[in-house]
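S.K.: These came from Swiss-Prot, pasted as-is:
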type	residues	note
DOMAIN	121-315	domain 'ATP-grasp'
BINDING	147-199	ATP binding site
BINDING	E268, E282	Mg(2+) 1 binding site
BINDING	E282, N284	Mg(2+) 2 binding site
Amino acid sequence: MHKYQTHWVEHSIVKILSSAGKKYIALMAGGMSAEREVSLVSSEGVSKALIELGYSVTFIDMGADITVRLQEIKPDIVFNCLHGTYGEDGCLPGLLNIMRIPYTHSGMLSSALAFNKIHSRSWFLTNNINMAESIVVNKSDNIKNDPMKRPYVIKPLTQGSSIGVEVIFAEDNFNFADYDFPYGDQVIIEQYIKGRELQVAVLNGKALGVLEIKLLKNRFYDYETKYTEGFADHLCPAPLPANLYEKLLIESEKIYKTMNCKGPARAEFILEEQTNKLYALELNTHPGMTPLSIVPEIAAYAGINFTNLIEEIIKTASFES
């Protein structure tokens, strides 16, 4: 029988599950970003899988005292289950590099590059990855009219899970002069591409498969659609011609490798409805591990169940010297 020991620390409870003979893992989740809840839901499944695999697990709700907590518990590995600011943007990997603690998911520079939409876009274009037309708008520009012909997409520079994303259609009663920049003083304004939403899971450098998202209720793949059952259908494998399916796998591996990622990632694409032209949207280096998340679903299609997926992620844990 496993026994939990509960220790009170600032901002969180750490629960320690003892298990002999396996490495000791700190499961980092929660945190202070807008994606806190998604991170916590992801951590539930990850925790169960780690325990099933026989690891000793400590759950840490990340706060400002994270360095002290890591020094106290001295884990062999940190499983980075954070989403958004501090976990996904390269901050935590940078800290763990300094502390020389192996961690899962991509390193500091890869994470920072993928998380910032301006920098990742430049990287994609440099590597001949096709993207929709876009511009950067600063709050200080005081733009009063539409910055681009409608329809267009407003994207915060450094948010995931479609938080803060808005699609402005021709018929919408929207005045850009009233936009309040809720997630920072810069946004990306991107041409809206009407087409098929395609997602590719990559694990340790290998693309596992392509999934298509069919929207059932909302106008685009927003936060509500991503995390609410019944708002979208997932078609896996995506019903595509073999040559296009293969192209998506190759493009995703190319993006992953040129950005020097490790562990899991998810590449997002749009296949334009009229021209069948493929557009890359982004690479997510911290894909969700919730019951509705895409990477576990594609992995299952590829013959990797959730527990084995977590084991494969653990195998890549390392720090950068």
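The chain as shown is numbered from 1 upward.
Cβ coordinates are placed from backbone N, Cα and C, and glycine is handled just like the others.
If you look at the structure here, what lies around each of the features I listed?
M.R.: Across the domain 'ATP-grasp' (121-315), the prediction's mean pLDDT works out to 90.
A strand conformation is recorded for R196 (ATP binding site) in the three-state DSSP classification.
All chains included, 19 other C-beta atoms sit within 10 angstroms of the C-beta of E282 (Mg(2+) 1 binding site).
According to DSSP, E282 (Mg(2+) 1 binding site) sits within a strand segment.
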S.K.: Let me know how many other Cβ atoms fall within 10 Å of the Cβ of E268 (Mg(2+) 1 binding site).
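M.R.: Cβ-Cβ neighbours of E268 (Mg(2+) 1 binding site) within 10 Å number 18.
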S.K.: Helix, strand or coil for N175 (ATP binding site)? Use DSSP.
M.R.: coil
S.K.: Quick check for you: of the binding-site residues I154, I168, N175, P182, E268, which have their Cα within 10 Å of the Cα of N284 (Mg(2+) 2 binding site)?
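M.R.: For N284 (Mg(2+) 2 binding site), the binding-site residues whose Cα atoms are within 10 Å come to E268.
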S.K.: Pop the Cα-Cα gap between E282 (Mg(2+) 1 binding site) and P182 (ATP binding site) into the table, whole Å please.
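M.R.: That comes out at 21 Å between the alpha carbons.
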